[in-house]
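Peer 1: The structure that follows is given in the form of structure tokens.
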Amino acid sequence: MSKKYDAGVKEYRDTYWTPDYIPLDTDLLACFKCTGQEGVPREEVAAAVAAESSTGTWSTVWSELLTDLEFYKGRCYRIEEVPGDKESFYAFIAYPLDLFEEGSVTNVLTSLVGNVFGFKALRHLRLEDIRFPLAFIKTCGGPPNGIQVERDRMNKYGRPLLGCTIKPKLGLSGKNYGRVVYECLRGGLDFTKDDENINSQPFQRWQNRFEFVAEAVKTAEQETGERKGHYLNCTANTPEEMYERAEFAKELGQPIIMHDYITGGFTANTGLARWCRKNGILLHIHRAMHAVIDRHPKHGIHFRVLAKCLRLSGGDQLHTGTVVGKLEGDRQTTLGYIDQLRESFVPEDRTRGNFFDQDWASMPGVFAVASGGIHVWHMPALVAIFGDDSVLQFGGGTHGHPWGSAAGAAANRVALEACVKARNAGREIEKESRDILLEAAKHSPELAIALETWKEIKFEFDTVDKLDV
């Protein structure tokens, strides 16, 4: 006997609010922070999110009878209070894995953060976390190389890597840009980088920049005996142009390229990561535009989700903020998504903002990149917070040295090695930071000048997006 079709409109909670449901290991789980309009029950708001991000529409439709809605629908299985926020609540939603294309971060985000964010019944909506099931993770390529392969390629072990962004980031000719790269690398840095908005502008076309940078890297390697690299930004107007730039970097023998993964898009990023894996090139990822999406504490997507998605899409290094510098991010939250980048298993821990256990299986890890308003006085805290599997990037903290970029690079290298040596000797480097740096400065005039130059520079602003604990 055929099922009866009842036309009309019914409440979302009649279908999508399922508090007795026990999530499956193969389900993709999501936690949303919801703020509904006044008078709309929480269960209805949560169910509406589950419906619109999976199989639902505003009206009952006859074509539901042509499929198994009970199998395919998203299910809101739990609602929790948000500590300290009477307006909002957490909605936990389970999605069957068959709703998503294998290996496609793009498809997952299109479903979970698509039309639902424009619902009139919602004042605010924020995607706080996703639990990706192993069955989905195994279909994703992930980082093209990973932490260990990058260390082997660059022959650098036992410490954080050291880098800087070339400044001024816009306006230099290709030749002068290459000169600054050389000064930084010969001074002691492992990497230099293009900033996010250097592509191919009238003052500096990309081919010209790539050629002068390659010459600078080669010369610095010959002089120092160390492997060096520069993140050549391949982000472009079209995928074809992006791959053309990547191929040219490979022809020049460069070890690493760069992509702006949010402005460039996950489709482009996944494709470039696959190219890097095939061609043996490292991939640095910049998160330009992330704060538009993740900074509001009640609306958007938390950066931990964007970090997880990047690990799945592919990248060997990702910017994560600094905790101590000029960019947003408190310590526990930052450590939470650094764990998601580097660890093979991350347990649920609300004190770090992780709402679910996340098993990454054998997927390689991603270097966490600390960049933005940092200088030598921050070095002990950065080493303590980020650990060895990180890249510490000092832009103004290198080029702003009174003696020039090479001296700034030398100061940072001496400070880093002093902190690593003190840590390995069992000293509490954050508590003893001043003594450690001043001791090292006795043998490094570059560091002594840097410490004097930046002794009064602090970024003491309260964090906007705090953990709900």
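Every residue number used here counts from 1 along the chain in the order it is shown.
Here the Cβ of each residue, glycine as well, is placed from N, Cα and C on the backbone.
Straight from Swiss-Prot, here's the annotation block:
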BINDING   N115, T165, K169, R287, H319, S371  substrate binding site
ACT_SITE  K167  active site, proton acceptor
BINDING   K193, D195, E196  Mg(2+) binding site
MOD_RES   K193  N6-carboxylysine
ACT_SITE  H286  active site, proton acceptor
SITE      K326  site 'Transition state stabilizer'
Peer 1: Filter the recorded positions K167, K193, D195, E196 down to the ones within 10 angstroms of H319 (substrate binding site), Cα to Cα, kept in sequence order.
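Peer 2: Checking each Cα against H319 (substrate binding site), there are no hits.
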Peer 1: Cα distance, H286 (active site, proton acceptor) to N115 (substrate binding site), nearest Å?
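Peer 2: Their Cα atoms are separated by 27 Å.
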Peer 1: For D195 (Mg(2+) binding site), list the number of other Cβ atoms lying within 10 Å of its Cβ atom.
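Peer 2: Step by step: centre on the Cβ of D195 (Mg(2+) binding site), count other Cβ atoms within 10 Å, giving 19.
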Peer 1: Measuring Cα to Cα, tell me the gap between R287 (substrate binding site) and E196 (Mg(2+) binding site) in whole angstrom.
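Peer 2: Here the two Cα atoms are 8 Å apart.
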Peer 1: A 10 Å Cβ contact count, applied to the binding-site residues N115, T165, S371: which residue has the minimum?
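Peer 2: Looking at the binding-site residues N115, T165, S371, the Cβ with the fewest others within 10 Å is that of N115.
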Peer 1: Find, among the recorded positions listed as K167, K169, K193, H319, the one whose Cβ has the highest number of other Cβ atoms within 10 Å in the structure shown.
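Peer 2: The largest 10 Å Cβ neighbour count belongs to K193.
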Peer 1: Hey, which of the recorded positions H286, R287 is the loneliest by Cβ count within 10 Å?
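Peer 2: Per-residue Cβ counts within 10 Å for the recorded positions H286, R287 bottom out at R287.
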Peer 1: Per DSSP, to which secondary structure element type does K167 (active site, proton acceptor) belong, with helix, strand and coil as the options?
Peer 2: coil
Peer 1: What is the interatomic distance between the Cα atoms of K193 (Mg(2+) binding site) and K167 (active site, proton acceptor), given in whole Å?
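Peer 2: If we compare the Cα positions of K193 (Mg(2+) binding site) and K167 (active site, proton acceptor), the gap is 10 Å.
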Peer 1: So of all those recorded positions, T165, K167, K169, H286, S371, which one's Cα sits nearest to E196 (Mg(2+) binding site)?
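Peer 2: Nearest listed residue in space: H286.
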Peer 1: Need the DSSP three-state call for S371 (substrate binding site) to compare against my parser.
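Peer 2: Once the DSSP labels are grouped into three classes, S371 (substrate binding site) ends up as strand.
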